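See structure below.
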Amino acid sequence: MALFRKKDKYIRITPNNSLKGSVSHNVPEVPDELFAKCPACKHMIYKKDLGLAKICPTCSYNFRISAQERLTLTVDEGSFQELFTSIETKDPLRFPGYQEKLQKAKETTGLHEAVLTGKAMVKGQQIALAIMDSHFIMASMGTVVGEKITRLFELAIEENLPVVIFTASGGARMQEGIMSLMQMAKVSAAVKRHSNAGLFYLTILTDPTTGGVTASFAMGGDIILAEPQSLVGFAGRRVIETTVRENLPDDFQKAEFLQDHGFVDAIVKRTELRDKIAHLVAFHGGGQ
């Protein structure tokens with residue numbers, strides 16, 4: 001018997017490249033916008049299961065929603081009258097890339113700034129309404145945001161209206177420097193004048209409400225509500241831990257933590273906010 005012998009030749013199969021196209025057509029494609037991943041429980045959710053309120057059916061997490069979606073959930077159909085749309089955002093510091101960022105945010109959200117302001121009816125109650133949209137440069141507060149909210153309070157004083165604001169913000173808009181920081185004082189002064197007139201001011205804290213907005217008008221309401229698990233604070237968690245050199249509780253800066261410590265009056269489910277707003281406005285004199 002031969003010690004060495006040639007290996008048997010195997011049959012070689014050459015791939016038929018012409019079949020590649022036909023194979024790919026048989027592979028089903030899943031649309032990118034069909035599912036959403038819950039940031040809280042990490043489950044993949046069929047978007048239609050979120051409903052109009054955008055609430056996770058597994059853990060009840062409240063997804064961040066746009067100003068227009070919030071408007072649809074809150075006010076009486078056809079009652080919203082948008083105001084102060086002619087105020088244009090400037091670039092006082094000629095900050096590099098700021099104009100491009102603004103333009104992109106406008107195209108993405110359909111808004112001309114980070115807050116939607118106007119008058120509306122909620123179950124028959126007339127209110128002055130502001131809704132901040134975190135999809136617009138994280139709803140950072142610049143000169144236009146501050147001016148629109150200030151004018152809303154001034155209009156409310158003239159027309160004897162309660163003010164309802166849904167807050168959401170990453171803080172002051174750094175691209176406008178000190179001009180953005182002064183909006184904190186300007187809006188707070190308008191809130192005080194509205195209060196002096198004996199009118200009702202309701203704030204609803206949504207995720208996230210931070211920075212200069214928290215330090216000014218967000219916490220100035222006669223009654224402060226919050227959506228479940230909303231992040232609410234001034235400085236960031238890591239900044240605080242570094243400063244005080246202590247580990248903070250896991251639920252620190254969550255709406256429930258603030259309620260436990262007296263900073264929030266009530267946590268209200270998103271689906272119940274419309275009824276709650278109408279009830280509180282009517283109880284405090286109404287807006288008819």
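Backbone N, Cα and C atoms are what each Cβ position is placed from, and that goes for glycine too.
Annotated range for zinc finger in Swiss-Prot, selecting from 38-59, 126-147, 170-191: 38-59. For the binding-site residues C38, C59, the largest tally of other C-beta atoms within 10 A is found at C38.
Excluding C38, C41, C56, C59, which define the Zn(2+) site, the same chain contributes P39, A40, K42, H43, I45, P57, T58, S60, Y61 within 8 Å (Cβ to the Cβ centroid), listed in sequence order. Looking at C41, C56, the binding-site residues in this record, the fewest other C-beta atoms within 10 angstroms of the C-beta turn up around C41.
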